[in-house]
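S.K.: For reference, the structure I am asking about is given below.
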Amino acid sequence: SSSVMNISEHLSCPLGFGHYNAVDICILETVIIVLLTFLIIAGNLTVIFVFHCAPLLHHYTTSYFIQTMAYADLFVGVSCLVPTLSLLHYSTGVHESLTCQVFGYIISVLKSVSMACLACISVDRYLAITKPLSYNQLVTPCRLRICISLIWIYSCLIFLPSFFGWGKPGYHGDIFEWCATSWLTNAYFTGFIVCLLYAPAAFVICFTYFHIFKICRQHTKEISDRRARFPNHEGEAAGDTGHSPDRRYATVLFRITSVFYVLWLPYIIYFLLESSRVLENPALSFLTTWLAISNSFCNCVIYSLSNSVFRLGLRRLSETICSSCVRSKDRDVRDPKPRKRANSCSI
C-alpha cells in the first residue's frame, strides 16, 4: 500500500486515459512528450549538421544566432527525456522537488535564449537594411560572440530567484505532483519576467520588423517607378541588386518569429492568468506548455522550407551520407575479410 501511495503522490496526469496492464502510465502525455522529444532532437541535430556542412550559410551573421537557437532547442529536447523517463519508470520521488525545480529552470532558460536570439536577429536585419555601408563595422564576429554570451548569462540570471522561493520560472503542464501542488506561481515574479524578458523582446521584434518591411516596401516602390521611367535592362539589373535578398531573408526570419509567438502566446496568457489566480486547469496547463515547447521543432521545419541555401546544404548532407553508405557497402562486398596488419589503423 505504501508503494501505491508513493506512485499516486508522484505523478500528475491531467490528460491520462486510465491504466495499462495494472501500471499507472499517463498514456497520452507519454505519447506527446516522446514524440516531441524525438522530433526536437532529430530536427535540431539536422540543422546543426547542415550549418557545419554548408559554408554559404555562414555568409549571414544571423547564422550565429540560428545555431545558438538550434543548440538551445536541442538541449530542450534532451531535457524532455526527464519527464519521459519519469512517466515510464516512476522513480521513488526522493529528489522530486529538486528535479522539478531544475527541470523547470533549464526549460525556462533555454526558451529565454531562443526568445532573446529572435530579438537579436531582428536587430541584426534592421541594421543590415538601415545601415548597409557601416554594417560590417557595426556587426563583427567578436561582437556577435559577446552578444551570445550575454544572452546566456542574462537568461540564467533572470530565472534564479525561483530557487529562493520567489515563484515559478514559468513551467506548467507539470508531470511531477510536487510541481503542480507545492510549487505555485507568483504574480510579482510573473510580472518581473514579463517586464524584463517577454515584453522587451516582443517590442524590439515588432519595432524592427515594422521598419524593415516599411523600408523594403519603399525600396520596391522606387524600383517600380525607376522601371516605369527607364524601361531597359540596365535599370532592371540595378534595381534587382538592392534589398531584395535582405528582404527575402528577413521574411524567412519573420516567419520563424511569428510561429514562435503564435505557439507561445497561449502559454504566456495562461501563465499570467494562473499567476493572478484567475484560472487553474491542469489539462490546459499541459497543452499550452507542450505547445510552446513544440516550437523547438518548428524552427528547423520553417528554415528548411523557406531558405534555398539551407535546402541545398541539406541535400548535399543527404547525398554525402548516402554516398558514404554506398561506398562502405561496396567495400564490404569487394573485401569481405580484410587481412589484419600489424601497424594498421582503421577508421
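Each residue, glycine too, has its Cβ placed from N, Cα and C.
Those TrEMBL annotations? Automatic predictions, nothing curated.
Feature list, courtesy of TrEMBL:
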type	residues	note
DOMAIN	43-303	domain 'G-protein coupled receptors family 1 profile'
TRANSMEM	31-57	transmembrane segment
TRANSMEM	69-90	transmembrane segment
TRANSMEM	102-123	transmembrane segment
TRANSMEM	144-167	transmembrane segment
TRANSMEM	187-212	transmembrane segment
TRANSMEM	252-273	transmembrane segment
TRANSMEM	285-306	transmembrane segment
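Map the listed features onto the structure and describe their local environment.
M.R.: Note on the transmembrane segment (31-57): residues 15, 63, 66-67, 70-71, 73-74, 76-78, 80-81, 83-84, 87, 175, 290, 293-294, 296-297, 299-301, 303-304, 309-310, 312-314, 316-317, 320 of its chain, located 6 or more positions outside it, place their CB under 8 angstroms from a CB of the stretch.
Within the chain, the transmembrane segment (187-212) has long-range Cβ neighbours (under 8 A, six or more residues past its boundaries) at 112, 115-116, 118-119, 122-123, 125-126, 129-130, 158-159, 161-162, 166-170, 247, 250, 254, 257, 261, 268, 271-272, 275-277.
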S.K.: Same chain only, please: residues at least 6 beyond the ends of the transmembrane segment (144-167) with a C-beta under 8 Å from a C-beta of the stretch. Say none if there are none.
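M.R.: Result: 61, 64-65, 68, 101, 104-105, 108-110, 112-113, 116-117, 120, 184-186, 188-190, 192-193, 196-197, 275.
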S.K.: Same chain only, please: residues at least 6 beyond the ends of the transmembrane segment (252-273) with a C-beta under 8 Å from a C-beta of the stretch. Say none if there are none.
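M.R.: Distant Cβ neighbours of the transmembrane segment (252-273) are 62, 111, 114-115, 118, 121-122, 125, 170, 172, 185, 190, 194, 198, 202, 205, 209, 213, 279, 284-285, 287-289, 291-292, 294-295, 298-299, 302-303, 306-307.
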